[in-house]
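Undergrad: This is the structure, below, for whatever I ask next.
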Ligand code: PHE
């Protein structure tokens with residue numbers, strides 16, 4: 001069945017589209033992943049490299065996804081079938097697979113944020129780092145984790161089932177302003193903490209020696225983070241742009257979206273590091289759980305920390321929700337467009353399947369890593385890379401033509417954009433893919449093999 005059988009939905013307003021894209025971009029990537037990457041990669045040097053990649057790689061790549069979505073008015077699978085020939089037709093499937101895998105464990109982590117919001121309200125944060133760690137291990141896997149994973153997924157299903165205009169658009173119009181206001185408020189609070197000065201200099205003054213010594217790990221980490229945080233590489237921006245009715249200036253929209261996303265990530269650093277420094281927690285503590293353990297321990301230490309913590313984790317949960325709906329929408333739009341199944345049925349079916357796929361991640365943290373590394377460092381980069389090669393090298397005229405709709409003649413900016421996609425974007429993705437595969441191999445033969453041995 002083809003898409004012409006069902007009238008396609010559209011965003012009601014320009015703000016609706018921008019908020020939805022900002023909602024997708026601002027998520028666990030900004031508030032959970034970003035600070036622990038900064039910590040792991042040594043502070044300000046990473047921040048600088050990250051900002052560079054956002055402009056150099058993120059912006060051109062986002063425009064590619066936008067033009068593909070708006071031109072085809074299709075889900076990623078349908079879009080790639082339309083613009084690609086031969087094997088290129090199947091690239092859309094990678095996006096669907098990526099969305100599927102990412103949301104399965106993203107929902108588990110989002111479940112932790114709900115759990116930690118409640119923990120704050122129960123005044124349950126523990127200042128002692130070792131005990132906080134133990135608490136995290138208990139809450140982050142097992143029955144507790146599965147329960148909150150289910151709760152979160154149910155919320156995602158409920159919003160996506162209602163539809164673009166009355167579901168997603170309405171939800172993000174409430175969620176996104178709330179996230180912005182609360183993060184700014186928390187940053188102001190954090191500025192009053194005694195550790196703020198030390199934290200700012202760690203976060204904001206790059207040490208060139210650190211960058212020079214560690215660029216091999218900083219560069220791919222910063223590039224990967226730029227892609228992940230902007231929701232690129234899995235068809236979200238293709239899907240969201242496919243619901244654009246009129247001709248808008250996509251470059252302007254993209255710049256606004258990127259501006260918001262980058263600001264929120266940056267401000268999050270201004271919240272997290274003063275809190276960690278004040279509580280005497282080392283920001284370099286690596287790992288996905290670190291931000292939960294260290295922040296919860298810090299909140300356990302601060303006056304009124306329970307309240308600040310509940311507001312902080314609550315905001316993270318909302319940010320995760322507005323990202324998760326975009327991930328589910330990628331798959332749901334495919335089912336609606338190409339299979340002619342109704343939206344609520346598609347949302348429930350897909351959400352249910354994603355929940356089941358996430359259960360192993362909620363069962364053991366090693367399995368969460370297994371999914372996360374595979375989706376994040378391989379699938380996402382691979383899908384993004386193939387799309388950039390296809391559009392940059394085979395369809396430059398179509399891309400420039402589509403971008404000009406709503407802007408007018410781009411002049412030499414058109415070719416400049418295409419060349420940015422052809423060389424720097426593709427090169428960075430290629431390097432990231434190779435490093436990602438090597439890293440995954442190490443994980444499979446190291447921690448994962450050990451884990452299997454222990455079972
Ligand atoms: N951009 C989101 C974040 O920063 C993550 C995400 C990636 C969401 C891809 C949707 C698609 O958390």
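Every residue, even glycine, has its Cβ placed from backbone N, Cα and C.
TrEMBL annotations: computationally assigned, not manually curated.
Here's the feature list from TrEMBL:
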TRANSMEM  12-32  transmembrane segment
TRANSMEM  44-69  transmembrane segment
TRANSMEM  90-114  transmembrane segment
TRANSMEM  146-164  transmembrane segment
TRANSMEM  176-197  transmembrane segment
TRANSMEM  217-243  transmembrane segment
TRANSMEM  255-277  transmembrane segment
TRANSMEM  348-371  transmembrane segment
TRANSMEM  378-396  transmembrane segment
TRANSMEM  416-438  transmembrane segment
Undergrad: Under 8 Å between C-beta atoms and at least six residues away from its ends: which parts of the chain pack against the transmembrane segment (348-371)?
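TA: Residues 100-101, 103-105, 107-109, 111, 140-142, 145-146, 149-150, 153-154, 156-157, 160-161, 288-289, 328, 331-332, 335, 341, 443, 447-448, 451.
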Undergrad: Looking only at residues six or more beyond either end of the transmembrane segment (44-69), which have a C-beta under 8 A from one in the stretch?
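TA: That would be 37-38, 79-80, 83, 202-208, 210-211, 214, 218-219, 221-223, 225-227, 229-230, 232-233, 235-242, 244, 250-251, 253-255, 257-258, 262, 266, 269, 384, 387-388, 391-392, 398-399, 402-403, 417, 420-421, 424-425, 428-429.
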Undergrad: Considering pairs 6 or more residues apart, do the transmembrane segment (378-396) and the transmembrane segment (416-438) have at least three CB pairs under 8 Å?
TA: yes
Undergrad: How about the transmembrane segment (416-438) and the transmembrane segment (146-164): do they have 3 or more C-beta pairs under 8 A, pairs 6 or more apart in sequence?
TA: no
Undergrad: Using a Cβ cut-off of under 8 Å, list the residues of the same chain at least 6 residues beyond the transmembrane segment (217-243) that approach it.
TA: 8-11, 17, 20-21, 24-25, 27, 29-30, 33-34, 37, 40-42, 45-46, 49-50, 52-54, 57-58, 61-62, 65-70, 72-76, 79, 92, 95-96, 98-99, 102, 164, 211, 250, 257-258, 261, 265, 323, 326-327, 329-330, 333, 376-377, 379-381, 383-384, 387, 428-429, 431-432, 435-436
Undergrad: Excluding the flanking five residues on each side, which residues at least 6 beyond the ends of the transmembrane segment (146-164) place their CB within less than 8 Å of a CB in that stretch?
TA: 9-11, 103, 107-108, 110-112, 114-115, 171, 243, 317, 320-321, 324-325, 328-329, 332, 343-344, 347-348, 351-352, 354-355, 358-359, 361-363
